[in-house]
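For reference, the structure discussed in these notes is given below.
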Amino acid sequence: MNGRVPGRVAALAVAVPLGLGLATAPAASAAAVTTLYYSSSGAPDYLAQIDRGAANWNAAVTDVKLVQRATGATIVFHEVHSGGSYTSTDGHGRGQIYLDTSQVAEGYDPTRIAAHELGHNLGLPDHYSGPCTELMSGHGPGTACKNAKPSAAEAAKVQSLWVNGVAAGAQTRAVAH
Ligand SMILES: [Zn+2]
């Protein structure tokens with residue numbers, strides 16, 4: 001929420017050529033679903049909110065699916081008590097997410113925070129000047145904003161980023177860097 005996003009999510013805009021020279025059988029055009037596992041046990045006060053945030057993404061996109069799992073998760077939630085909520089992520093489905101209880105105490109909606117930080121892990125950058133209807137406007141619209149669902153444009157962006165299973169490439173990048 002505070003823009004501390006070490007992962008260079010902006011780099012995700014790299015275009016991937018689609019369908020060049022590929023067979024056009026209908027089955028081949030059906031996008032594979034990339035499943036990302038997240039663990040929430042490190043943020044015990046927000047288990048339901050994290051699940052709701054993930055469910056909101058799952059309802060909005062079909063190329064990538066978020067599933068809670070205690071072990072082997074590539075997206076790991078933690079709870080902190082100061083400094084603001086943030087994530088350290090490669091923007092390709094791997095990251096650490098820190099939810100700040102003091103922000104929730106200030107009135108920021110924890111489901112919106114969780115969904116916002118998941119958005120970074122799915123490849124979206126911050127857009128603080130955006131309206132409440134956008135997740136990635138984060139704290140910009142203020143504490144009155146309780147929206148925890150991505151806008152149509154945000155969902156479309158994530159859908160496009162994951163159409164070819166970006167996560168597979170992300171793992172290579174993580175090892176390389
Ligand atoms: Zn953010």
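Every residue, even glycine, has its Cβ placed from backbone N, Cα and C.
A 10 Å cutoff on Cβ-Cβ distances gives Glu117 (active site) a total of 27 other Cβ atoms nearby, all chains included. Taken from TrEMBL, the feature active site applies to Glu117.
The annotation Ca(2+) binding site is assigned in TrEMBL to Asp109, Thr111. Around the Cβ of Thr111 (Ca(2+) binding site), 21 further Cβ atoms fall within 10 Å across all displayed protein chains.
Within 10 Å of the Cβ of Asp126 (Zn(2+) binding site) there are 21 other Cβ atoms, across all protein chains. Residues or ranges marked as Zn(2+) binding site in TrEMBL: His116, His120, Asp126.
Taken from TrEMBL, the feature disulfide bond covers Cys132-Cys145. In sequence order, Pro141, Ala144, Cys145, Asn147 are the residues of the chain that are 6 or more apart from Cys132 (disulfide bond) and have a CB within less than 8 Å of its CB.
Summarising the annotation, TrEMBL assigns signal peptide to 1-30.
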Looking only at C-alpha atoms, tell me how far Glu117 (active site) is from Asp126 (Zn(2+) binding site), rounded to the nearest Å.
10
For ligand 1, list the recorded positions among Asp109, Thr111, Asp126, Cys132, Cys145 whose CB atom is within a distance below 6 Å of it, in sequence order.
Asp126
Where Thr111 (Ca(2+) binding site) falls in three-state DSSP terms:
helix
